[in-house]
């Protein structure tokens, strides 16, 4: 048995995989695969409707917001956010918390001025800057809620005089959020929502149509809203599996219930990192992510043999990103706490052998 | 048993569906699903490499071309082609052969001037215009090789003084083409290549970098080439199933073999349409598509009962597009000729009953 701590595309619930495989062979007994039916068929329209309904229900999306399933990942949204929201000659404010925030800024510069309100770059992004002022003349303020590479996560969101745009790719559906605090939320599916291949966008309708830009159809949120995410053929299978995953989340008790589980998983794993003399965390304790737990070893020479031991126990995907090194254990929604205990056992066993 | 004549997402080979379902449960026995492995894993990199290799092999792609698997469908390419190829103040030439050509033109107008070299709009696109001149001062010439809605297909491609950009969404891999005749080929996967969710792009390297535009990363072919289709997380599953489908095509004898089958399927079906007094074709005989066979009934009141009869025989997806009416039987690569004979039998049975 594998314990999948991969950073993404990440672990999906076993029940969902079984349902998805069945749908590839024969969707709900219709005699056709989910891969070969029209997106305009009653069957697929019901899937998309259900997926949108589940997003609204699980995140308690208020009136006045639209929910879209698009393509191209968060990297495409890095460009679409300014394309739709930033007027010619306008300015957008960004919080620089890592590589993904950087990439989002880089794309925004194609469309206007980028003002960095604060950055933790000088410390290789080991913390989330907290003292900053969001300029009231910015078109929006952009933040990355969870920084997969560094293992930091915003535990709260600032009050903002302008719409908040948030990249929630790696922690959406992992904890309760107040959607009304945001103008635009986007997230690649491949952590907690489903497989790679679709991108969730939740946008407040009344922030659109103000930039004065002429925007090609596929890049225009308004066009996608009017088309109900079907201006063109959507990524049907990725949406199908997202629907199944969100349905699984609902059956588990929803976001509040999974948040409690995620906190429990993070607590035991960080507890072991802090307790075990061979290991140490890499970022500010108050900004520790409940999704990506990054740690290194006091003696870097221990890292290779520890990785080997972990692999022997079926633990996969814990190698840290090259820019941080060490280890990164991603403990997304679908990862059971039993897998976390397997990792902790490996850490304890290794410490015992290397006293 | 269903006979899937749907226009797309369309029929996929049964063997491919079985392999895809197996990969969703456990990819090649690694103990993880194709849906939950990193795109940077050795397993996925091998899949993407194989998919690119199969495209090059099956289409005999010459040196100097790059093969990309992107997202967003052909509709995104409608914008990316001019974004990458059309200089500010430049002009692009388009052949107007239907709704999809129209949509491509509409997106190009965001980037520059569009010159329509010829159009069959006045006849509701029932033929492919043939007498036209491609302006030598255009940045490129755009053509739609197969017009799904109307059932027309270009049986040859014009010599062009400028790079030819071709939307081959609905007939790529169905017949031999000479890639060297094109500067840019793009195609949504969901007809002959795989499921919805990925888009094939074949681009001649030396036509890039000449527009002088600054292009955001995800919209920039050069960036996607440098990233090997992995600038960001690709649509792993759609690429996986495309690889399986291309592998199936190779095992069938490749493009030349499938082209012979497609011609045979088209011949018997058009033969019945022309022979059966109750049915008639809708477009110019010399431009008839070998992928989408559009036809109506001499007596429009016969259409509902014929559709009912067809459905009773397990025939699905033959209702014509609302802008043409009647019927559209899509006979993509994966549709066996036995399904075509079932449709022909239904046509003959209906004619017999309604003499």
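Yeah, the Cβs are placed from backbone N, Cα and C, and that goes for glycine too.
Any TrEMBL annotation is an automated prediction that lacks curation.
Around residue B:40 (L-glutamate binding site), the same-chain residues six or more apart in sequence whose CB sits under 8 Å from its CB are B:230, listed in sequence order. DSSP assigns residue B:40 (L-glutamate binding site) to coil, not to a helix or a strand. Taken from TrEMBL, the feature L-glutamate binding site covers B:40.
Taken from TrEMBL, the feature pyridoxal 5'-phosphate binding site applies to B:74, B:75, B:100, B:148, B:167, B:190, B:232, B:233. Under the three-state DSSP scheme, residue B:74 (pyridoxal 5'-phosphate binding site) falls in the helix class. Here the Cβ of residue B:74 (pyridoxal 5'-phosphate binding site) has 27 other Cβ atoms within 10 Å, regardless of which shown protein chain they belong to.
According to TrEMBL, the N6-(pyridoxal phosphate)lysine annotation covers B:191. All protein chains included, residue B:191 (N6-(pyridoxal phosphate)lysine) registers 29 other Cβ atoms within 10 Å of its own Cβ.
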Which of the binding-site residues B:100, B:148, B:167, B:190, B:233 have a Cβ lying under 8 Å from any Cβ of chain A?
-> B:190, B:233
Of the binding-site residues B:100, B:148, B:167, B:232, B:233, which one sits closest to residue B:191 (N6-(pyridoxal phosphate)lysine) when you measure Cα to Cα?
-> B:148
Pick out which of the binding-site residues B:75, B:190, B:232 has the most other Cβ atoms within 10 Å of its own Cβ.
-> B:190
